[in-house]
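Structure record follows, encoded as structure tokens.
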Amino acid sequence: MAVDDMDKAGDVLHQEDTRTEAPASVAELAEGQMSAWQCIRRNPKIVLCSLYANIGAVMIGYDNLALAVCLAMPAFQQTFASNANGALIIPAYWQSAWNAMYNVMTLVGSLAAAEFIDWFGCRLGFLFTAVVAAAGVALNFVAQDPAQFLGGKMITGFAVGIAIFNTICMNLGFLIAISATYSRVTIPDESAFRHLFAAAWAFPGALLIGLPFIPESPYWHAQKNQPTKVTRALERLSPKGAPVQQRASQLLAAVDAERALMAISGSSGASLLDCFRGANWRRTRIVLLCSSMNIIVGGTLSANAPYFLNQTGLASHTVTMLIQIGISLGLLSALVNVVLMARFNQRPLLLGGMGLCAAMFLVMGVAGCFERTPSNLLIIGIVLQITPLSYGPSVGAAMAVAGEVSSMSLRSKTLGVGIASNYLFSTIWLVVLPYLFNEDEANLGGKIGFIFFGQALLWMVAVWFEVPNTNRRSYEDLDLMFESRVPTRKFKTWEADHSAAALAAKVADA
């Protein structure tokens, strides 16, 4: 380690120690002892801003399921399907193209957003999403052929690329989409699906309406060395009487300490490549595992459930009813998970959720081995709609870990990489799935469950060895734990020492 680096690190650590040692720790301990409900009641403005920030996630859920439901609509099939032996079938290559290119453009958007947000902040990111998403919705609304519809999906996908997954908001979007289509399945003309696409304008509209009332992220101001603006942003977010100055000092001190540790490890925090160097590579691996959790528990299959179940032989009304029940269960699971995460660590929730989902997929696979009688088809449909019960504990806990585990200086970049990997993974699945269940292709039916069963088992092994518990840990704790290479299963019992001397010792050992 270079002497100059040690001097710089020592200066930064000294600034942190003199700036915040006593008041920051008191504020941090007080907040760390709050229950989830107490924290929500104490910080209503932050909760509202968090809900606003997840409008993009609601739109992703709505947009994904809207297409899946439309694929099973007779009116949509009359407009976009081809006649194959007297039956209207949307070719597998168009289904793959719509889903895959949406995901590819979301991947591109998430990587672009990582740099965009670092430079210009979250508020301009929301504005960008709203304007471009509105344009994509417009093209979907007027599309008359599969190619035009593909263009609209690509534009919308790029716009929502900056959205971070939130399991409650995703399920809320699913529920809105399926509820909006329930009474429109049997409408024979184009209004059946065009009204559904037009409703998507509500999401960019909500972003634009709320934008003037949302302050910029205090973390972004801290990264830009703007202490006055950090305090102002926290004042807008905090209730009266809150220790705003202490929170601001704590945040600035955490950024200082992180920069010191990164300076010693040779990371600048300015490039995507830094996500794959030193201790950050371990953090990135965890984010990659967690970001793909929705796919592991069958999110891609559930997103295609209306058309998949329709292809197995279930009637459209039965399919729509089952989907609505399944999404309601997913939303309930996500809401209950708020309580579960306040009481339990993330690892048991992750492993338990994946275990439940794996069991359901095994049942589906076994049912698919028998003749396609109405009762067997109903079993496949019911089991597929039970899997959303696992979304809350598995996807919810995974997103919590993914949001906490990355360093502050690389948060937007690391999450961008995670979202990009999610869409790359899901793109592969969405390209392959139509060929697996279409009647004119492999026509596997319920046997698809065996594939997702094996996938879930592999991910459970990876999570066991890689993903730690991060709940009730401050950013300073996590920085020290990763720099100290604390083993995954010891995160729960590790004890923090935030004194300047301890930090300097950790830096010297790096």
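Cβ coordinates are placed from backbone N, Cα and C, and glycine is handled just like the others.
Residues 414-436 are the range that TrEMBL records as transmembrane segment, among 92-114, 414-436. The stretches the transmembrane segment (349-367) and the transmembrane segment (192-214) are not in mutual contact, being linked by fewer than three Cβ pairs under 8 Å (pairs 6 or more apart in sequence). Beyond the ends of the transmembrane segment (192-214), by six or more residues, the same chain brings 49, 52-53, 55-56, 58-59, 62-63, 66, 69-70, 73-76, 79, 123, 126-127, 129-131, 133-134, 137-138, 140-141, 156, 159, 177, 180-181, 184-185 to within a C-beta distance below 8 angstroms of the stretch.
The transmembrane segment (414-436) makes no contact with the transmembrane segment (321-342), as judged by fewer than three Cβ pairs under 8 Å among residues 6 or more apart in sequence.
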